[in-house]
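> Below is a structure I'd like to ask you about.
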Amino acid sequence: MLTIGSYQVLRLLRDKVLLVWTLAFPIIMSLIFMAAFSALDDSYEADPIEMGVVQDDAYEAAEGFDAFIAALSSEQDGTHLINTHRYATAHEAETAAKNGDTVGYIEVEDGTPVLRVLPNDSAANTVPVLRAALDSYEQTRAQYAALAAQGAGPEQIAAMQVQHVSTQRAQITESPSSPTVRYYFALLAFACGMGMHISMLAVQEVVAGSSPLGARRTLAGIPRWKVLAGTLGAAWLGILVCLLAAFWFIRLVVGVDFGAHTGMCHLAIGVSSLLSCTAGAALGTVRGMRTGVVSGITCLLSLFTGLYGTAAQELADTVQNSLPLLAQLNPLWQSAHCFFSLLYYDSLAPFAHSCAVMGAMACLFLSIALVRMRRMSHEHL
Amino acid sequence: MADEAVSVEGLVKRYGEMVAVDNLSLRIESGEIFGLLGPNGSGKTTTINCVLQLLSYDRGEVAVFGRPMTATSYELKRRIGVVPQDVAVFDELTVAENIDAFCALYVPDRRRRRALVAEAIDFVDLGGFTKFRPRKLSGGLLRRLNIACGIAHQPELIILDEPTVAVDPQSRNAILDGIRGLNERGATVIYTSHYMEEVEQLCTRIMIMDAGRQLAIGTNDELKSMIGTGERIRVEIIGTEPLGEDVVEQLRRLGHVRTVDYEIPELHVECTSGAHNLSDVLGVLSGRGVAYGRVTSEPPTLNDVFLEITGRALRDEAA
């Protein structure tokens, strides 16, 4: 049995096509995701830009504006939006902008700050933020002016300033949520689905009716269960190693947060790989089953895990909300849900539920596979 | 019973309405090289698969080495080696690994297996290719690997299903010599092939079957004696004039002559067994002043036997 298993593992290691689909593909996809999501994150970053400031009489007269500009130039408190270049007149500031020394300039006209910028791609992210900051300054200044006009004292105005916080970020899950982890969890589930290839091909080579190799191995002089156990054990090991490699790559290289339950993640991968192995084994007993069919099934089921983008995620959410039982019947959904449960739920109950469902599915598939593999004859020669 | 390697009694195998094996009975003695001959679809492979329990059958009894053969007769299976018609080896494993992987299905002990694998490699003369993967091997080498995988565990009964298909003459001779060697070491061999000359050279007993039935069984000579033709005479006519119809008619009237065919420049005469067939034919030709050149006289071949017993009509490949 050990010899059968070890040769099965050796064959898997040498089967480049199988390794590409089950090991390399998820890793390559995770790198593509990483590149895509990192560009997405970059688009939300407002980097400091070179900005002229016209420091004339109007500037000096604007209440608190100098402090405001200083805050925008400060590198310490996370509001660093501009590197300030001060000019005496608007004409000088405009000339500097045209020369490329700055991307534009800020001047105060009639007590209101005005932002003038030249078209520049590098400033595309920062300019809207800067404009919003200037609007905020103007609103606050007008608000304080109105309060002062109504007779509010400096202490009351200072108290308003302290309370000037409109929204606050709150975290209600153990780990911070990120919209991108869903793709990686779906990708792991996809890798699990592709793992079915390994067990399907392995089983096809022990079932008499599936291939000449299957017929030959059916004539073995050792008990049938040993051949099956050695073959399926090796297939499971192969899928498990591929999934673990993908998991650790996504976690360490891509930097995806899987939460604090690393051990449980391994358990999830163990159960997922078992499910993949048994499902592939059941498919392998179907006469004439092709790898393309298995790939097709995996791709279809992955649609309902949200692997293919926001539209797929909306579809998956709709199915999950409207037909929860149908969603739960999807083995890949269960696999992805395991990781979600570990990351976002305080209790381990949802994780245990997903594991139990996958375990039950694995038992069902294994039973089907064993009943069909036990048959040692084939009627279509 | 103990000397019987294989015993089949009243075997019937049906596919729906079609009867693939029809009440077949067969006994193969230990130490024989038993040839199984038949046209495509005659039931040879089905019979073998029933014996090996790869196929369930509707009726009949199969025994190997005197004991009933079942799908779980692992002890018996360890004594059987099968070389299937299709090359069935692992593409990802080397020659040596392939032989070891199949040998492991019969011999769990690694140390013993190492010796058996080495012996099998020597036997099929693949010593220079042990590290090669199957796709790097030629057709003949691949067939030899297929054989090595089937015989490495040194079975007492070896079943070879058309092992020389698509093999060049040199490799074929090597394979046939190997099979003789296996037999000399004490193995009983069941051999199916479409190549009559192979079966004729190799087999001690031959069964011809068609439509799932046994048509004839016996030694090479016994089978030849079952058909009417005892001698084939060929005469090259070298005269300037073609042979006249009257001469052909005179030859047909000879006592032992069964058929006479004349296609310029060769005359073919089939005779029943007789001591003076050749001199009678040549006597007629000399008497009529016919000049002749090369003359050959040969006994019937197994091919003649096969065609005469199974008929000369073409068979459907897919049958």
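Cβ atoms are placed via backbone N, Cα and C, with glycine included.
Just lifted these from TrEMBL, have a look:
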| type | residues | note |
| --- | --- | --- |
| DOMAIN | A:16-370 | domain 'ABC-2 type transporter transmembrane' |
| TRANSMEM | A:18-40 | transmembrane segment |
| TRANSMEM | A:183-207 | transmembrane segment |
| TRANSMEM | A:227-254 | transmembrane segment |
| TRANSMEM | A:266-286 | transmembrane segment |
| TRANSMEM | A:293-311 | transmembrane segment |
| TRANSMEM | A:351-371 | transmembrane segment |
> Sequence-remote contacts (6 or more beyond its ends) of the transmembrane segment (A:18-40), Cβ cut-off under 8 Å?
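Residues packing against the transmembrane segment (A:18-40) from afar: 12, 180, 183-184, 187-188, 190-191, 194-195, 197-198, 201, 238-239, 242, 245-246, 249-250, 253-255, 295.
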> Tally Cβ pairs under 8 Å between the transmembrane segment (A:183-207) and each listed stretch (A:227-254, A:266-286, A:293-311, A:351-371), then give the stretch with the top tally.
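It is A:266-286 that shares the most Cβ pairs under 8 Å with the transmembrane segment (A:183-207).
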> I'm a bit unsure how to read this: which one of A:227-254, A:293-311, A:351-371 has the highest number of Cβ pairs shorter than 8 Å with the transmembrane segment (A:266-286)?
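Between the stretches A:227-254, A:293-311, A:351-371, A:351-371 has the largest tally.
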> Determine which residues of the chain contact the transmembrane segment (A:293-311) at the Cβ level, with the cut-off under 8 Å and only residues 6 or more beyond its ends counted.
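Non-local partners: 21, 182-183, 185-187, 189-190, 193-194, 196-197, 200, 280, 283, 317, 319, 327, 330-333, 335-336.
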